[in-house]
There are 2 protein chains.
Amino acid sequence: MSSKIQDEKAREQLIDLAAEFYDQFAGGKIPEMKLPTRTKSNIVFDEDSNVWVYGDRTSTRSANSVRGARKLLKAVYTIDFLAKQLDEGRSSTLRELYYLSESWDNEEAQFSDQDESNQLVEDLEIVSEVTREDFHMRPEESGATLMGPLELREQTRRGEREIHCQKDVGEGGYQIPNNPDTIDFLDHDIDFVLCVETGGMRDRLVENGFDEEYNVLVVHLKGQPARATRRITKRLHDELDLPVVVFTDGDPWSYRIFGSVAYGSIKSAHLSEYLATPEAQYVGIRPQDIVDYDLPTDPLADSDINALESELTDPRFQSDFWTEQIELQLDIGKKAEQQALASRGLDFVTDTYLPERLTDMGVL
Amino acid sequence: MSSKIQDEKAREQLIDLAAEFYDQFAGGKIPEMKLPTRTKSNIVFDEDSNVWVYGDRTSTRSANSVRGARKLLKAVYTIDFLAKQLDEGRSSTLRELYYLSESWDNEEAQFSDQDESNQLVEDLEIVSEVTREDFHMRPEESGATLMGPLELREQTRRGEREIHCQKDVGEGGYQIPNNPDTIDFLDHDIDFVLCVETGGMRDRLVENGFDEEYNVLVVHLKGQPARATRRITKRLHDELDLPVVVFTDGDPWSYRIFGSVAYGSIKSAHLSEYLATPEAQYVGIRPQDIVDYDLPTDPLADSDINALESELTDPRFQSDFWTEQIELQLDIGKKAEQQALASRGLDFVTDTYLPERLTDMGVL
């Protein structure tokens with residue numbers, strides 16, 4: 001969709017929200033806004049789509065109390081700001097919105113802290129079914145990069161840029177913009193998408209030419225991935241019909257990184273369809289790798305053990321594979337980093353580990 | 001310097017180190033290595049060059065104890081690895097070096113933890129006077145980006161890339177490589193370099209076209225800047241004779257970010273001449289701005305107050321400007337973020353704050 005049409009659609013959906021309040025007033029009703037209840041108990045793992053979604057319970061924000069009325073007032077001021085921002089083709093960060101509210105003429109509409117404005121923007125995302133990116137709200141940090149045989153066109157506010165993510169970039173790669181929906185995929189030679197947790201491993205793969213040899217698009221996750229990184233991964237899978245595999249450290253926190261790429265997170269359950277790639281597969285480091293390759297390890301800390309135990313009951317990890325791996329890890333009491341593969345030489349990961357594993361998985 | 005010649009020089013300086021041990025053996029002496037003592041008490045602020053440097057005290061690593069002999073053995077194995085790496089035109093991360101040592105034939109030479117290998121590489125940097133980047137040791141994360149009227153050539157292992165940091169990049173900008181000494185500056189229209197702490201403010205400046213309107217190269221610091229970011233900032237200043245200004249949040253931690261750009265840090269005192277830009281100037285947020293512009297603030301936490309008090313005795317902040325500002329901040333008990341300027345509208349920072357301040361400072 002062209003970005004102008006998308007902006008107009010987002011703007012209309014916001015105005016519709018405000019119009020609803022107006023109609024309620026006009027009809028003699030106390031204005032209110034209905035939202036799915038956003039507590040952990042109302043978030044369910046949808047077995048069909050394999051992602052987190054909200055359950056059936058709803059909460060109502062009503063103007064029938066001073067507190068509730070103030071919340072709706074803030075919503076209206078925010079809608080007004082966002083609609084104007086879209087109209088002018090501008091954007092802003094969540095933090096700027098919070099500070100900007102200090103300049104609003106009605107003091108009652110100003111936010112008392114940033115949690116409040118963040119929360120409201122999430123509420124508006126849910127009710128309007130428009131994502132924050134389509135409101136032109138930027139995150140504070142974007143961050144991740146792409147490297148591989150992909151030619152894309154990015155719509156920047158300075159015009160279009162056509163960039164090949166190997167030939168037109170330095171060793172740092174192509175920097176994913178805050179809103180990756182400004183990107184069109186033009187052409188590619190990609191066989192699969194490899195999401196990598198750490199910068200050290202990303203650089204190893206690029207130095208060893210893994211992206212060139214196997215026609216891989218290397219996506220740097222940079223730890224827990226930003227929304228922009230998860231979004232472009234999903235688009236690569238859906239639009240180019242590419243397999244996605246995820247390569248992280250071998251510890252419970254890294255399994256959660258995989259989980260957020262594949263199944264979404266509780267915090268952004270309303271965005272699972274926009275951000276999650278349920279078909280993504282986990283490459284490693286697997287606890288079995290620690291045993292098979294005799295990798296250098298660190299002992300599990302108490303917090304690691306607790307996290308692993310909680311993953312055993314996490315619906316995202318209810319498969320024979322994960323149960324077996326997590327129980328093995330609790331049994332051996334060890335964890336290993338991606339870069340521990342270097343104990344078998346700097347080329348082991350690209351000459352042996354990944355080709356063997358990806359062949360087993362049917363990706364190669 | 002071409003990278004081949006630079007690699008050869010680094011390699012020679014490493015081999016010279018090992019040769020020294022050999023000569024000591026051959027001359028019937030117990031091998032040893034002399035280093036400046038790397039404790040806080042032996043680091044002094046050099047008033048002439050305005051950066052941190054080591055004092056006169058030295059420590060000796062001698063093979064006259066098992067512990068000392070083991071340290072020198074590890075140094076020799078590491079030199080061997082680094083020399084081979086340079087010979088083959090390859091590179092690796094500090095973490096890979098640590099893991100790789102597990103594959104060394106002599107168990108006594110293997111590192112017991114990563115602190116030990118990190119420390120040894122720093123020692124070798126100091127003794128050989130070659131930087132880690134010239135050993136081809138990569139950091140785990142690089143990170144920051146450039147946006148502005150600069151055309152550069154990056155020597156990648158896939159050949160040269162010529163990139164204009166406005167016309168050939170997306171909104172995310174040009175990703176600085178791990179070793180920015182692979183970059184040649186080809187052409188530019190830059191009037192000054194503006195280093196910005198937060199991603200939100202970096203995006204604001206780019207969205208508002210500040211880099212285009214004022215011929216600014218915007219360097220995103222991303223919090224405490226990586227070595228690569230500080231290095232390229234210094235090179236821009238030294239080689240292109242450009243003023244460098246630093247724009248951060250208004251709190252003691254951000255003043256330290258400015259300090260590390262301008263004066264170097266205690267931890268990397270041996271690199272001050274390579275990384276620090278003593279001519280860099282501080283734009284803001286200044287405590288005086290909090291008062292003058294009535295910015296939204298947070299109260300100082302106890303840790304903020306302690307940090308400010310320690311800065312009052314920090315040689316890097318011994319100027320009337322800093323003393324006045326820090327004392328004012330302790331007095332008002334408040335701190336403010338860069339993005340708090342948005343309380344005066346999203347364009348205030350680019351239409352009013354920066355132009356006025358930079359005119360005052362003589363940069364515009």
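Keep in mind that glycine also has a Cβ here, set from the backbone N, Cα and C atoms.
Under the heading active site, O-(5'-phospho-DNA)-tyrosine intermediate, TrEMBL lists B:Tyr99. Residues or ranges marked as Mg(2+) binding site by TrEMBL: B:Glu197, B:Asp249. Feature annotation from TrEMBL assigns domain 'Spo11/DNA topoisomerase VI subunit A N-terminal' to B:70-136. Look at TrEMBL and you will find B:140-189 tagged as domain 'Type II DNA topoisomerase VI subunit A all-beta'. Among the features that TrEMBL reports, domain 'Topoisomerase 6 subunit A/Spo11 TOPRIM' is placed at B:192-358.
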Sparsest Cβ surroundings (other CB atoms within 10 Å) among the binding-site residues B:Glu197, B:Asp249: B:Asp249
Model confidence over the domain 'Topoisomerase 6 subunit A/Spo11 TOPRIM' (B:192-358) (mean pLDDT, whole number): 94
All-chain count of other Cβ atoms within 10 Å of B:Tyr99 (active site, O-(5'-phospho-DNA)-tyrosine intermediate): 27
For the domain 'Type II DNA topoisomerase VI subunit A all-beta' (B:140-189), the number of residues DSSP places in helix, strand and coil: 3 helix, 25 strand, 22 coil
Tally of DSSP helical, extended and coil residues in the domain 'Spo11/DNA topoisomerase VI subunit A N-terminal' (B:70-136): 50 helix, 2 strand, 15 coil
